[in-house]
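Reading through the structure tokens given below for one structure.
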Amino acid sequence: MSWGTELWDQFDNLEKHTQWGIEFVEKYTKFVKERSEIETNYAKQIRNLSKKYQPKKNSKEEEESKYTFCRAFLTTLNELNDYAGQHEVISEDLTSHIITELTRYLQELKTERKSHFHDGRKAQQHIESSWKQLEASKKRFERECKEAERAQQYFEKMDADINVTKADVEKARQQAQMRHQMANDSKSEYAAYLQKFNQEQNEHYYTVIPNIFQKLQDMEEKRIERISVCMKKFADVDRQVLPIVGKCLDGMTNAAESIEPKADSKQVVESFKSGFEPPGDVEFEDYGQAMKRTVSETSLSNTKESKEKPGGKTKGKLWPFIKNKNKSPKQHKEPLSHRLNDFMASKPKMHCLRSLRRGLSLKLITLNSHVRNLIEGSVPEDFSHLPPEQRRKKLQGKIDELSKDIQKEMDQRDALTKMKDVYIKNPQMGDPASVDPRLTEIGQNIEKLQSEVQKFEGWLAEVEERMPSKSDSQRKSGLYETQNSTTVSNNCAQDRESPDGSYTEEQNSEVQVKAQPIPTPTTTTEFDDEFDDEEVLPTIGTCKALYPFEGHNEGTISVAEGELLYVIEEDKGDGWTRVRRNEDEEGYVPTSYVEVFLETNAKDS
């Protein structure tokens, strides 16, 4: 169906219809623009959500990344971020393929429509002007005919009247003839205009207007076709990203399926295992039996026997879930002042007092060290603040990290060496000497890293040597069962700090004093003043200081690197060894700072 033949008289309606079509394109463009904005905002919110739950760069989050469910959640966040990127792609494609094109097309469409309707109005004006000319000539012809008729009637009247002169009759005849001539001329003009108008009208309704309406019809069909293409693109834009969105969803599914509860449970063990042995059985303490003095209170065997009593293991480790470490559910401990009075009244309890001094002194030393580390925000380089198993893992991780750095430096050195060889063979490519400073710097870096590795390997070997084994625990268990415990030994075991107990107390103290000032070891000072006359501990070996140590804390002693000292009390698992420089100068030094050589009889006892 053609608009030109069917709608030749609907110029105004076609004008309204085409204007409505342009408004529809504008409305659809606005719709796509709003959809694009929705996709952009949605992608932004998804990205912000993913960023909000991304792990922060701190030690806690790094520790959490060990677990499979944490890694799965991180993968889900990354896939969600990629998913948001696909919605950004949708927004960009909608803007570039639809909104931009429709905006440009709308300008062209408005210009084309304006041109066609301008031609249509011009044709309308032309035919209307021709019609007016025809009407004017027709009215003139009609007027001239009436004037000629009146002039003829007047002439005939004058010619019949005998009273009128011949001159008047002749004048009336001439006037009638002139009017007849003017009427004939108007008739000819009217006929010409009529023929012209008919031709123009025929051309207008069968040629000009159909052509203009055909152009408008083509324009409208192109508009509809363009809308169809844009609607198809609107769907294709989503369809194009579906494979990538599917991959993102598959990645989330695979991440969820990669979660391994058993592996996470095992990781909990690896993260928190201390490496200490569980505490042994608590021995029966007979308070009804009188205190007995040992055979030789100053003998080395008795001293060591009292040190190796396993009863101290119950303190701090036997009741791990009870907040008040000073009380156990099975035995009631007397106040410290009462026990000190008992110790003062009974001379054979000197070894117990020495053990009590050691425990309190070491606690204060370690507590000061931990609080200082917390305040300064640093940890020891050798990770000595950690339990053995965790310390071993940290040291091994540090060694692996340094090994990777060494490998990187060596790769750079190999690459620079090859470059230097190329420069030597082809001097025009570069100066071989320009590579030497960098090679020297890399060599120095490798030496530094290797020395660091050796240092950490030494600490690692020390930790592995001190890690308790099954044979040691079995030997200690046998010792507990076969050894005869006197009342004095029981009391000593009750007050002595075991390696496990020392560590547990340190950890609890570290947690509880985060917001407290550094305590001063006044208790140790009081003990030193009160028991200065106690007997001197025997020497059980010697030691050599591997590193310098400045004993700032109460109860410690300063040593210089390479200095030889006497060992009077070996490490009980708390990281400290008691040494003596001379008769009046003794104290504790970190075990990792010295190399201990125990005497044969001390090792065997």
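For all residues, glycine too, the Cβ spot is worked out from N, Cα and C.
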**Asked** Looking at the ranges 252-279, 364-391, 392-419, which is given as coiled coil in TrEMBL?
**Response** 392-419
**Asked** Which residue range, 131-175, 176-220, 536-580, is the one TrEMBL calls coiled coil?
**Response** 131-175
**Message:** Summarise the domain 'SH3' (538-599) as counts of helix, strand and coil residues per DSSP.
**Reply:** 3 helix, 32 strand, 27 coil
